[in-house]
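First up is the structure itself, then whatever we jot down about it.
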Amino acid sequence: MVNKEEAQRLKELGNKCFQEGKYEEAVKYFSDAITNDPLDHVLYSNLSGAFASLGRFYEALESANKCISIKKDWPKGYIRKGCAEHGLRQLSNAEKTYLEGLKIDPNNKSLQDALSKVRNENMLENAQLIAHLNNIIENDPQLKSYKEENSNYPHELLNTIKSINSNPMNIRIILSTCHPKISEGVEKFFGFKFTGEGNDAEERQRQQREEEERRKKKEEEERKKKEEEEMKKQNRTPEQIQGDEHKLKGNEFYKQKKFDEALKEYEEAIQINPNDIMYHYNKAAVHIEMKNYDKAVETCLYAIENRYNFKAEFIQVAKLYNRLAISYINMKKYDLAIEAYRKSLVEDNNRATRNALKELERRKEKEEKEAYIDPDKAEEHKNKGNEYFKNNDFPNAKKEYDEAIRRNPNDAKLYSNRAAALTKLIEYPSALEDVMKAIELDPTFVKAYSRKGNLHFFMKDYYKALQAYNKGLELDPNNKECLEGYQRCAFKIDEMSKSEKVDEEQFKKSMADPEIQQIISDPQFQIILQKLNENPNSISEYIKDPKIFNGLQKLIAAGILKVR
């Protein structure tokens, strides 16, 4: 029973304990308060804060999720959730959570500060991880050979290690899906083997024993099934024998595509022996071939309804549900077909039906998306989004652009507009995905290149920004946005290369870039960088070689190489 007054009293006691650092007592008071008012989102937020202060981050995360589920538009809930994920070192998840909160309140200082902090930690952690990983690969001949075979090997290995760090409890599941070379790299990175209970030989023996047991069980099931079938044949009535004769004739007609004749034989079989569910199953198949889908549905439903009178087996009923699903698919009644497949799986959970269900769900989603397309309505939502954008209401602008894209997913301008809204919301990676999609749809769309350049500039990827602006200028040499962006970026690179200060954030980001790592790990470039360090004026020697000059430009733009 809800008692808000008691909940409020307990909350105040919990707050007092929290302020005094008595977090265990605070947890008790907040938990008791929730018992009295289980729909008060603030209580779950306070409980999450108390758990986090005790270092009990899993419980803090659970409470924060409950808070958000009750009140999705309350920014503090996202602060609590992000804090718990931060404590669990789920930095990428924390970043996403803070971004979710900023969608609701873009100017929330606490969310902005938390996002900045977690991003910096994430970049630093990645940089340290990459440096350690590269050192292991370079000093291990086997791993180094894998890198030579596949230049993407370090990146794949890094992603696997990050997955393990985020979900240590799932390490065996993660490794079971990896290529053996990746698993080897993971083991060398962590310094021990993940072999399960016992050694590899014992594990193989255990698997062999299990396989042998499965084989024997399957053989026993098949033997029993044959015995049951034989018993059935010996106990068959004259009606069953006569009914099967008509069924076999119907099957022959069916193979010859003589469906009228086949239908007649199956109906004869049913008339003689109405309790054999498979006669109805065959009859439904004929109706489907004759495109009499209503009759096929009627036949299947009748047989399923009388399954107990027919003493039908589970697998037989599952087959009827599958046939019912096919009938509904042909009638474009996808929801009913999906329901039929799901009921089939209850009777007999097999791979073929699971695959058919997944394929149907994909088909339904695809057709619904296609049916939803309406360029006129897309234009309406785009215009609404533009109005919101002009009024600096960027979350609602994004929502309108989302709907416009659903209505017309092949319009490059819509992705560009949404990228602009996402940029204002500081969701640079998502905005970059949108401009890349816009360019994919229209490679001549200059505005998309200028926005791509701006995003790389904001993300301090100055060389990539220059490339984007340059591509836009190739398409339109007089484009004002690309010209100004290029000049701004070139000035920033020049200023940065001559400055004594180092932009730590940009430096960490650059060192985590696989392209930069490849350049600085190249032996030839290491010699060049050493010479430039001794004599900066020697850079003129390398400008003539396009490959070397291109690499040097990238290092300068990345803030790694200074030119004074």
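Quick reminder: no glycine exception, Cβ is built from N, Cα and C everywhere.
Copied over from Swiss-Prot, here are the features:
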- 201-233: compositional bias 'Basic and acidic residues' (COMPBIAS)
- 513-552: domain 'STI1' (DOMAIN)
- 7-40: repeat 'TPR 1' (REPEAT)
- 278-310: repeat 'TPR 5' (REPEAT)
- 446-479: repeat 'TPR 9' (REPEAT)
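Only residues 6 or more beyond the boundaries of the repeat 'TPR 1' (7-40), in the same chain, are considered here, and those with a CB under 8 A from a CB of the stretch are 46-47, 49-51, 53-54, 70. Here the repeat 'TPR 5' (278-310) is broken down by DSSP into helix, strand and coil counts: 29 helix, 0 strand, 4 coil. Averaged across the repeat 'TPR 9' (446-479), pLDDT for the predicted model comes to 93. Helix, strand and coil counts from DSSP across the repeat 'TPR 1' (7-40) read 27 helix, 0 strand, 7 coil.
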